[in-house]
Structures are given as structure tokens and as C-alpha cells.
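Trainee: Summarising the annotation, Swiss-Prot assigns GTP binding site to 136-143, 204-208, 258-261 and lists sequence analysis as the type of evidence. Feature annotation from Swiss-Prot assigns compositional bias 'Acidic residues' to 17-26, 34-48. For Lys64, the entry in Swiss-Prot reads SUMO2 cross-link. Residues or ranges marked as SUMO1 cross-link in Swiss-Prot (evidence: similarity to another entry): Lys64. According to Swiss-Prot, the domain 'tr-type G' annotation covers 127-409, on the basis of sequence analysis. Annotated N-acetylmethionine per Swiss-Prot: Met1, in sequence order. What Swiss-Prot lists as phosphoserine is Ser19, and the listing cites similarity to another entry. Under the heading phosphothreonine, Swiss-Prot lists Thr86, citing similarity to another entry as support. Positions annotated as region 'Disordered' by Swiss-Prot: 1-54.
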Amino acid sequence: MDTDLYDEFGNYIGPELDSDEDDDELGRETKDLDEMDDDDDDDDIGDHDDDHPGMEVVLHEDKKYYPTAEEVYGPEVETIVQEEDTQPLTEPIIKPVKTKKFTLMEQTLPVTVYEMDFLADLMDNSELIRNVTLCGHLHHGKTCFVDCLIEQTHPEIRKRYDQDLCYTDILFTEQERGVGIKSTPVTVVLPDTKGKSYLFNIMDTPGHVNFSDEVTAGLRISDGVVLFIDAAEGVMLNTERLIKHAVQERLAVTVCINKIDRLILELKLPPTDAYYKLRHIVDEVNGLISMYSTDENLILSPLLGNVCFSSSQYSICFTLGSFAKIYADTFGDINYQEFAKRLWGDIYFNPKTRKFTKKAPTSSSQRSFVEFILEPLYKILAQVVGDVDTSLPRTLDELGIHLTKEELKLNIRPLLRLVCKKFFGEFTGFVDMCVQHIPSPKVGAKPKIEHTYTGGVDSDLGEAMSDCDPDGPLMCHTTKMYSTDDGVQFHAFGRVLSGTIHAGQPVKVLGENYTLEDEEDSQICTVGRLWISVARYHIEVNRVPAGNWVLIEGVDQPIVKTATITEPRGNEEAQIFRPLKFNTTSVIKIAVEPVNPSELPKMLDGLRKVNKSYPSLTTKVEESGEHVILGTGELYLDCVMHDLPKMYSEIDIKVADPVVTFCETVVETSSLKCFAETPNKKNKITMIAEPLEKGLAEDIENEVVQITWNRKKLGEFFQTKYDWDLLAARSIWAFGPDATGPNILVDDTLPSEVDKALLGSVKDSIVQGFQWGTREGPLCDELIRNVKFKILDAVVAQEPLHRGGGQIIPTARRVVYSAFLMATPRLMEPYYFVEVQAPADCVSAVYTVLARRRGHVTQDAPIPGSPLYTIKAFIPAIDSFGFETDLRTHTQGQAFSLSVFHHWQIVPGDPLDKSIVIRPLEPQPAPHLAREFMIKTRRRKGLSEDVSISKFFDDPMLLELAKQDVVLNYPM
């Protein structure tokens, strides 16, 4: 631009322009240009800008200095621009890689004293396999005993001698709490006294009564149990329950009396008293077995070889036979098997005649067990503990034990362990006991199948399983689900009963609800990898033959608790193994919900996983939408609520205060006959309700009596044991709410009054209505218990169209409710059996704490040969929360208690008494408790506050009530 033609403000100051011509020419040019531009715009909008960039005014903010993100990265890349940093300072911009690890596992296969190929070869010989569950009371030394077996077979697994290895406590939570939570399988090769090797599949189980469901899962796939008993504590609460459970599962029982060092080093009992203590334990166990078992040959005795003695802490384990073998190896020329038969009971050794007699030669003579076993044991322990420097080396030389100077300088505990380990050697006595008294999978298969398989034992499949045939059709029973290290997936653990399972094989997984008629609960899966589990490491194998335990990958998706795995084709008659029957009941319940409601799907996924992980855990959704978890006790639910948010769902979860489940029952017979008509007015059912005889509900639940029996056998049982008349006994239609439910439906109609053929045609519908009604009672939607419902009359339509299930089922349920409400209904609450161990001076404090919680003591006795007392008591489960903490506070931590569900008991008071006013935040007196429990349970479930009888009574029935002048406490 020529600066002389313009001033500093941009005004033109040059010579005059030829305006007329210029304007005309400029106008023509502009017009031509505009026409051209219009044409171009029609063809291609936007060309104008490109052709004449200098002709338009562009604002500063519209100028384009850089290419757009779309031009740089391409149209397929989404770019998001945020003008503000929404990420909190606590969250890193680049998050570290998060690894979830909840179990303690070996990184590589450890060195073993046997080759892995040898272990795999033994799997093919079922006669050399033993499937054993180690069970016992809490802290009676099961895990420590397995540690000894692991050390024996894994020479490089060294540990600090002052600290337990706890090799089977693979969860970090188990290590932190110091208590076993999960059953852990271990497979090792162990030699017997003669040096013959056997493959041992050992299940180490938790000792706490809350986790007895884990024991049940282990027992199902075992052929025998080794019951561990602390020599100082003796038979405890869980010991007795486990004996009963093992006998019910028809398993071989052997006993290991553990921690015998406590008798010597802690209680300081003389050898004779120690013998009496050990004999008392054996006698007590035999007494319990005879109480629960009908098999008179099931006797435990060290003479028979089914009792061994051990001290896991000091690596001691012997039977009479293995100790006699030590004498034979030391002195020679001794028939150790004959010698062992004379080492228990009232048998004495006469040193003059060198013979054994049943009569003491002198007044100071000791029994042979004391003289030949306890006294040498006492001397070894006393020498090591008492006089290490002077006489110990000489004593050890006499025993043929040689220690280095460095080993002699060890602390007392590791030194004593080392000396005992060298003296007693390997745990061959334990192996002898299991080999002789626990059947191999081949021998134990038939009783196992008869007890657990729902199909016929005489079929081809049943015979293949009874023979433990590795070439037969595949049948595998899984009882446990183990999560992976990160808690994302599960592996199924079970026992192959027939055939051989291969990696990569297609299989059919049958769930617990599968039947030949309804195959919905089944799925075809492909087996992933297969492992043999050894606690902290797994040995991968290509196949597992019948008789062995196996950990299976890839079949976890359809399995909830237990499953039956079979071949997908050609095995159509395969039926399932019956679900686990636990020896305890889940009565404690808590409600859970996510802190952030949008994370509900994550919580539901976590609930599904935790349901797989804990065998007896139950999860359900109430009508109010509340998610409820039911468990056996406080510790059990505490472990569940550790795993659910941290391991399986990774979200924050709110937990409600714990409550208990209730049951509903009646205490009298219905005051009048209750009837209900179907909606089409064509059918009418009349019933009454009355209480069952005492003990009958428990017999049904424990399967002492089964509805599947024929009518004659069923009739005889009720006639002889419960004094029923034969007609009523043979007229039992069903138990409810299922085949082992504690209620009975009886057809008490007369052929002269009722058309039995028509009634029989609607039997299934009436039974279904009865079972529906007993599953959800009218008081607070809880299970009905201990009630007998009698059908007194029935009017049934002639046409099948008018007596369909849609008419009969709801009517049967309604008449069940009305008969129940007319029979003085009551609530029942669960009661715990509590066992407390405490010193004598703390016993009074235990009484005080129990009395404050509606509890009462039933027995209070000293433990023989111990300074402790055992207090046995009952306490309502609803008042048991925090009981253990309260007890320890009052006894300065000296008392230790365990509690387990025992029975149901009627809550004092009438739940339907409207005259009772429930005042908030006030403890209610005893007569008001039933009303309080009912109202609060109904509120929590989202039900109306009181029972409305208009739901359950038809108009004709209400008129009948008015005629009979029956006073009702229920709101209309």
C-alpha cells in the first residue's frame, strides 16, 4: 500500500479519482463476479472462501493457526477436551499395575523325596491310595501335624523352629487370624513301617465349629477320618459333633491323641496319671461312638492299631507297633508285633521271669505302657529340657542319636524337636494306622456310593463306581470350589469315582437340582487343566483315574455348591450325588447393600462368588429388595464380609446389624375346622393343624424316617415309635416344605364321606400348596416347624377343568394358613449350645454373663487332669452377639467359649396379642418378646405390621367364625 496516499488514520489524501468511469466499471465487474460466485456456490459451497481469502473479514478468534485434532489423528479417533481437571489429587494420573493376591503359593515346584512321576504312577493303583480327612476340635494340632508330613516329604522346606509353618493355611486371612477357615487338600507319598509307599490324599479341615461345613465337604470325598484330640483338653464340643458326623457319613474312624508333650511339660503329670488320662480319652471316644453307631465292631484301641499318639510340635508320632519296632531295631531278636499287643491295658512286665502278666508282680510295678513307652519318653524330654550340658550327650549316644556341637547349642524347643525327630524317625505309625483301618478307594467305593449316589447301585454305572473302574464311564463328584489367587475364577475340587477325567475333555456338569425328568440344571463344559493339589502348589497332570482327588479348571460356571461331572453322551441314566448334608444350621443373618447404589451389579457378582466359596452359606433377596446372607456364626460371617468387599466385588458395602431366623409353630390343635373354597367355588378343602410329637421333627430332618419309604414301612415306624394309629400312619402324604421338612400332611378323610379317587387326582396340587405354605408362614414369612396338618374333608369338582393346579394350590396354601392361625401360633427362636473353658475362679463370672443374656448353665465340671473347668450352657442366638467379647472382658481373657446351633425353642409370649405396646429403645419384658420379634421382622421384610386374616379366611369361613363366637386378636 502507498503510504503517501493515506494519512496516519487511514484516510485517503491522494489526487482525485475518475469516479464515474471507475464506478461503472467497478459495478460491472462486481456484478459479474457475484453471478460467477452464485454459480460456484451452487456447485460447491465453500469455494468462495478458498478463491478469495483476501476479500473477507476474519475475526481474531476465528483465525486458524493449528490443524484440528481430527485432522491430526483421523476421524476414527474420538478426542475429548476437558477444561477442568476432575481427577482428585489422591488418585495418580498413571495408576500402578494392581495385582490381586489373596493366597500364599509356591512359585516353583519344591523338591520332594520322591519323583513326581512316581506319584503319578501310584494314582493308577487304587489299592495303594488312601483318602483321609484330618478333623478335630479347634487348635488340637491338625495343621501342625500336616506340617510334619510336609517336612518329611519336602526336605528343602525349612522353617524357623520357633514358628509354626502352617503350610495348609494358604489364605492370608488364615495366617493373620491364626485359625483355619478353608479345608485344604494335600497329596503326598508316605512310607509305612515296612518301607512300602502309599499315596495319601489328606484333607486338613478347620477346627472351629462355625466352619464345620468345610469338614462336611472333606468327609464326602474321603474313605475315613483321623480324629485329632488334644491330650490335655480331651474330648471337646467339636470332637463329639465330628464323631457323630463321621458315623452318620459311614466312614472309618481312627484317632490321633496329639500334644502328649503337654501332659509332661505343661501339666507335669506323673507317668501313671498320664496313662489314666490317655485311657480316659479313648474310653470317652468309644462311649460316643457306641451312642451314635449301630456297628458293634467299631471300637477304638491302641491294641487294634487304630489309635496313635503324637506331638506335632516336637515331631513325635507313634503307635504301639511303631514304638515296639524301635525296641526291635535297638535290641534285635524281638517280635515287635507280638510285643506291641502287650503294651496297653492292665498288663505288667516281670523282670525276673521276663514275662508279661495281668497281675502286678509287686506293688510298685508299672503297667507295660508306662514302663516301655511313657517312662522313656519322659526321660528324653526331661534330659533335653533339664540337663543339656552334662548328661545329654551321653544319653543321646546310648540312643544312637548323634548331634553336632552347633545343634547342641540350639534353644530348648528346636533342640527337643530335633532329638525327637531323630529318635522317632518318620511318621510310619500314622501311615500303618491309615493303611490298616481306612479302606482304599476300591474297597470303600461301594458303601460310599450306596450312601451318596441318588441313582441305582445295581446299574452298569453303579457297578463301575462300586468297582472304582478307571476304564468305566466318567463319574466325578465335586464338593468344593477354590478361587484362584486373584479371586476372579474358581476351580472345582472333587473325587473321580469311575472312569478317567482328561484335560480338554468335553463333560456334562449336573447341578444339585438335576433329575432325569428335569434336565434344566445341566450344562456341557470343556475341562481345562487338571491338577493334584498340595496346599501351596499344584502338580499339573493330563488325566486323573478313578479313586483320586482332582482340581478341575473350566467347569466352575454352572456349579454353585456341589456337582456331578459325567460324559456328555452315552451316559443318559447318570443321576446326581446328593447335596451335602451339614451338621449345623445357618441361623444368623445380615443384610448388605453397596454404599454406591450404582455398584449393585458388582455386589451381586460378589455374592455369587462368595456363595460358591462357602459351602453352607445362603444368600437370598427379601420381598423388600434387601439382600440377606445367612451363616453359622459371627466368625463365619466376619470371614464372609472380609472376602465379599475385598476379594470378590472390590466395592464398599454397608452391613446391617446381625439378626436371626425364626420359625413358626403351634402349641394346640385348631379350635375349629378351617375350610377354604377355590376361586371358582367348585372345590372346598377342610383342614386342622396340631403340634407334632416331640422328637419327630428332628427324626425327619436327620433322615431317620424318609417319605420315600413304602407305606407299610412308614406306617410301622410311626406306629411303634410315636404311637400313631396305623390308618393315620399309612395316610401320610408328604413332609414339608421339602422331603426332610419338619411338618407332616396327613389325609384324615374317610372313604364313606370323600371320593378318594377324586381327592387322589388333586393330591399333587394339595401337597404343593402345603409345601408352599410351610415354607413361608403367616406370622412373618418364616419356615413353619413341628406342625401336623390333617385334611378332614374335601369337595372336589368332577370335571378336570375345574380342579386344575391354579385353583387347588393357592386354596390349599390358604387353608394351611387358616388352620395354623386357629391353633394358637407361636414363634420359635434358635438356641446355641455354648461350651466355655475357664479356670475355677472364673466360673462365677461365666454364670453372670450368661444370666444377663437369657442363658442358663446345664453342666459345670472340671476337666480331668487339668486345672480348667468346662461350663456347658444354652443361650438364645439373638442374644449371643458379642457374648464372647463380653465373657473375656469379665474373666480378664481367661475364659474361652465356642457356640453352635443346638435346637429351636418357643419364644415366650403371644405374637398376636395386640394389647402389647412395643416401646422404642426399651428392652422388652419376657412376655412381650414374641410380639416384638414378629413386628420387627415384618417391618424389616417390608410386610404390613400385623397379620391380616382377610387374606387367609374366605367370607364363608369368617361367617362360621362369627357363628361360633370365636374371638380373634387379628386385624381384619
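Even glycines carry a Cβ here, placed using N, Cα and C.
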Trainee: Within 10 Å of the Cβ of the residue listed as 'phosphothreonine', how many other Cβ atoms can you find? Include all protein chains, please.
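Mentor: Result for the residue listed as 'phosphothreonine': 5 other Cβ atoms within 10 Å.
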Trainee: Can you tell me how far the Cα of the residue listed as 'SUMO2 cross-link' sits from the Cα of the residue listed as 'phosphothreonine', in Å?
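Mentor: With the alpha carbons as reference points, the distance is 29 Å.
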Trainee: How would DSSP class Lys142 (GTP binding site) in three states?
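Mentor: It is helical.
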Trainee: In the three-state scheme derived from DSSP, which category covers Thr86 (phosphothreonine)?
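Mentor: DSSP assigns Thr86 (phosphothreonine) to coil.
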Trainee: Looking only at C-alpha atoms, tell me how far His208 (GTP binding site) is from the residue listed as 'phosphothreonine', rounded to the nearest Å.
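Mentor: His208 (GTP binding site) and the residue listed as 'phosphothreonine' have their Cα atoms 49 Å apart.
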Trainee: Rounded to the nearest Å, what's the C-alpha distance separating Lys142 (GTP binding site) and Thr86 (phosphothreonine)? Just drop the number here, would you?
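Mentor: Answer for this pair: 54 Å between alpha carbons.
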Trainee: By the count of other Cβ atoms within 10 Å, pick out the sparsest of the recorded positions Lys64, His139, Lys142, His208.
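Mentor: Result for the recorded positions Lys64, His139, Lys142, His208: minimum number of other Cβ atoms within 10 Å at Lys64.
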Trainee: Going along the chain, which residues six or more apart from Gly136 (GTP binding site) have their CB under 8 A from its CB?
Mentor: Lys142, Gly207, Leu227, Phe228, Ile229, Asn238, Thr239, Leu242, Asn258
Trainee: Let me know how many other Cβ atoms fall within 10 Å of the Cβ of Ile260 (GTP binding site).
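Mentor: Summing over all protein chains shown, Ile260 (GTP binding site) has 24 other Cβ atoms within 10 Å.
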Trainee: Far apart in sequence but close in space: which same-chain residues, 6 or more away, have a Cβ under 8 Å from Thr205 (GTP binding site)?
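Mentor: Long-range Cβ contacts: Thr133, Leu134, Cys135, Lys142, Gly180, Ser183, Phe211, Glu214, Val215, Gly218.
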Trainee: Rounded to the nearest angstrom, how far is the Cα of His139 (GTP binding site) from the Cα of Thr86 (phosphothreonine)?
Mentor: 52
